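So that you can see what the record holds, here are the features copied from Swiss-Prot:
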BINDING   Ile621, Ala622, Thr623, Gln628, Lys629, Met630, Gly631, Tyr632, Gly633, Ser634, Lys730  acetyl-CoA binding site
REGION    654-675  region 'Disordered'
COMPBIAS  654-665  compositional bias 'Acidic residues'
REGION    1001-1057  region 'Disordered'
COMPBIAS  1018-1033  compositional bias 'Basic and acidic residues'
COMPBIAS  1038-1057  compositional bias 'Low complexity'
Amino acid sequence: MVRKKVDTRIRTLIENGVATNHRSFFVIVGDNGKDQVPNLHYILSKSIVKARPSVLWCYKEDLGFSKHKKKKMKLKEKSKSSGIDSVNQEDPFDVFISTTNIRYSYYSESHKILGNTFGMLVLQDFEAITPNLLARTIETVEGGGLIVLLLKTMDSLKQLYTMTMDVHTRFRSENSKGEVVCRFNERFLLSLGKSEQCLVMDDELNILPISSQSRSIEAKQQILETPEQVELREFKQQVKDTDIAGALIENTKTMDQATALLTFIDSISEKTLRSTVTLTAGRGRGKSAALGLAISAAVAFGYSNIFVSSPTPENLNTLFQFVFKGFDSMEYVEHVDYELVKSTNPEFHDAIIRVNIFRSHRQTIQYIQPQDYQKLGQAELVVIDEAAAIPLPLVKNLLGPYLVFMSSTINGYEGTGRSLSLKLIKQLREQSTVVSNSSNKALNSITGRMLREIELNEPIRYSARDPIERWLNELLCLDSTIAKSSPTGCPHPSACQLYYVNRDTLFSYHKASEAFLQKMVGLFVSSHYKNSPNDLLLMSDAPDHHLFVLLGPIDENNTTGLPEILCAVQVSLEGEIAKESILNSIKRGYQASGDLIPWTLTQQYQDEDFPRLSGVRIVRIATHPDYQKMGYGSKALELLTQYYQGEITNLDEVNQEEEEEDEEKVDQNKGSSKISTVKKDNASLLTEVIRPKSNIPPLLFKLSERKPEKLHYMGVSYGLTQQLYQFWSKSKYLPVYLRLTSNDITGEHTCIMLRELNNEQNNTICKDGWLQSFHQDFKKRFINLLGYEFRNFNSSIALNILYEKKVNNTVAVASSTTKNELTQNEMELLFSSYDLKRLESYSNNIVDYHVVIDLLPSLSKLYFTNKLKIEDISLIQSAILLALGLQHKTVDNLIGELNLASNQVLSLFNQTMRKINTELKQKQEKFIQDSMPKLSIVAPRTGQFKSFKGDIKETDMIPLAEDMESELEKGAEEVVNKLKHQLENDSSLSKYLVKGNDEDWSKALKPGSIPNSITIKRKSDENEETDKKENNKKSKTKNNNNNNNNNKKVNNQKSKK
């Protein structure tokens, strides 16, 4: 083996890192770079005075060598026995692998290394690295350690600009209109050259020109004690004699951690059980250790029921480790004063879930899952570790009438810390008075609960002001802070303009563009609950993403300062999916990456035409915290809508396009592009100089200077809250989808809203009114689901979703209302006659409201589907009807939700039922009236109508042939005759009928002709007389016949004789 002298700057950089407790970064370019890892590890081992540093080796799939130590030893023994191998022929890399504590990890399993500390990190397979992985792995390296990045052999480092990363496959979709541009890789490479603690070398340890900033590295003297360490030592000396606190603070590593522990002890000693202490910090600041020491202090103060919550008990290893360190400091003995209970669940890997203390009295430290918040009835102290990783509604449920400690990671790579700091802590701050460490106890909150906020800034794994940490925060914008508002005041929204951001310039690593990027990312981070470093890669490289910013009037005299960003918008182009892919999605369930809104709505509505439309999804919109609720967000949306509708045009657009075509032709002739990226010289890896691009275009473009894409709609997907829904609905967006399951982090349901664009240049693929049909179908499904998944919604949010403002598609709503009228068949199907009687009785306050509760679902659906049009129902009455009828809530639920008394709720509900009952009665009367047959009016054509032309209509006013009085008399006479006829036919009454008609009675009753006695004959007597007469006639005829027969017989006898 040929020995080669290593550049002294490499050894000096490693030794300086050990002396200052800072980390060092090395980039090795070449396929043999792994062979230099043992040399760097050897230099590090000689520089530190402790055991050999452990190594974390991360890779994608193939490690490139065997990591199996037993196989290596067998092969070595076999080669030695055959006499082939010798000590001189032993490979240094194999010796390094076999003698060093190395942990190998796939990039996909890098989450398992959280909480561990290593002395050296090796990263290979650069194409698989993402910003999340970069931050997650680098944070595990301790102070004085090394970070080694291995790159493959390349002729120029600028090949990284065009390298295809694995994550780029997620950015491409079927309808991508552009190619992926590796802007992040370029910015990453340029940042390495600027870092003073980084060296870029080839696989022979020759330092490349990109590290020209580190031409001369001077050796630094080891600092025995930093100012922070001196302050901590003096502080420990001061509290040494303090009971409990003195012993526990000895375990702290930084001054921030000691101050945080002291704040915890102050809250514990008060024993008010109405305080909340929040601890926020970046990763590696000692949050879990401070909580563990605080729990041991609570045990010393006599707290009996202590509960600890975390996403999983495995995350509490560090916390319980420092609980036991605190016990050791207070001279607690295991098995004598306390005992441990480990979990038998194999998923928890023997994690500690309970600690029983029985030194003075029985005390317990119990792990509890966030879902079991109902079991906290007897709690005195609840500790929530990594609260940002727990869904926000569960964290709220964990709060109660007891002392609460919670910690959360912010500005970290998990991307969940902002959810807690933005929402929960903000609510606690608003509901209570923040009590500082030096404040008086009399400064209590109105609600009887105090809030203390603690923040840890000083790292523990390495010393403060670590160059690698500063480089990583700048590269990934992890520590982006919001600039304070301008002292000149805020401009009126009408005076602001929306600008298009050129991403090539934004990520060019120029000083001005870097400052603008930090401002923009800080704006996004402060306004959204979930942020991760991968979002930065999406902003920079995704071909379908675009950025816009809203700026106030630009001062031309200000040539130094950057304009203040009032609002930032990130959008993504979606849609225009091929018909084959759509059919595969509908029939086979196939779904490509990207295109969130088209694929989601295709699955929900099974529509083949909508995914073929082109649209834009608003990924993020963030307003400056100092300028929120001033109209800037609405103004940005308004200008963005006008831009995509083609309302913002440029008169010189045609000329500009012709000029650009001419410039492209000239550039092609010259053989160079407009933006100079790669020089045409034959510079090698050892001689090339990497600098930012020159001749870059402007950072900001006016909307009139860029031609918009042809779009059919604009959409947004967000976590549903009442405030956000009102914001989007005010901008004329209609909801079309609401996810049934809530988000794991925020507990909010994802909502998709769309707005149709009126662009005359677009070819309409869907039928007219497609958005309104989606919205009506969504409302119908939402109404049916309010009693199930959406039952816990606040009635005001549900009412906002169902309430249509007049500005939203008034024509479509008006045309659809005629079809939504209640029909007679529907009414008979939904309500029986008994139902209507009960509703009538309740409206008249005769029965209780429980009698009509079963009618509420049907009545509510009719009202909210516009089949019962009642104009004078107020919003509060509609909310009560929705909550009781559709969400199946009780009156007790509405008392707290609407802040009304029970009698007020029932009174408003009764008024609503009265109005509904009146409307139903009117509907019923109308149905009866419509069911009656219509009489056709027939009038003869008399002389007075000779001038009339055409057929006589039913509505013509023609006089009848007979007046009403004569018609009534005829009718009465017919009725009397019918009654008489019925009486005459009745056998039981007919014998009592009096003889005589009207004329006979009038003659008999004449004055002066009335005799002293009157005999009245019955009709029955008359009938008897007539019967007798008829019988006599019959008997006479019979006798005559008999006589005639006798005479004939006599004559016959005589003739015979």
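Using the three backbone atoms N, Cα and C, a Cβ is placed for every residue, glycine included.
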Legend entry - Cβ-based isolation winner (fewest other Cβ atoms within 10 Å) among the binding-site residues Gly631, Gly633: Gly631
Inset, instruction - Ten-angstrom check, please: count other Cβ atoms within 10 Å of the Cβ of Lys730 (acetyl-CoA binding site), all chains counted. - result: 12
Legend entry - Greatest inter-residue Cα distance in Å for the acetyl-CoA-binding set Ile621, Ala622, Thr623, Gln628, Lys629, Met630, Gly631, Tyr632, Gly633, Ser634, Lys730: 17
Legend entry - Helix, strand or coil at Ile621 (acetyl-CoA binding site) [DSSP, three-state]: strand
Inset, instruction - Please report the DSSP secondary structure of Gly633 (acetyl-CoA binding site), reduced to three states. - result: helix
Legend entry - CB contacts for Thr623 (acetyl-CoA binding site) [other CB atoms within 10 A, all chains]: 24
Inset, instruction - Write out the long-range same-chain contacts of Lys629 (acetyl-CoA binding site), meaning residues 6 or more apart in sequence whose Cβ is under 8 Å from its Cβ. - result: none
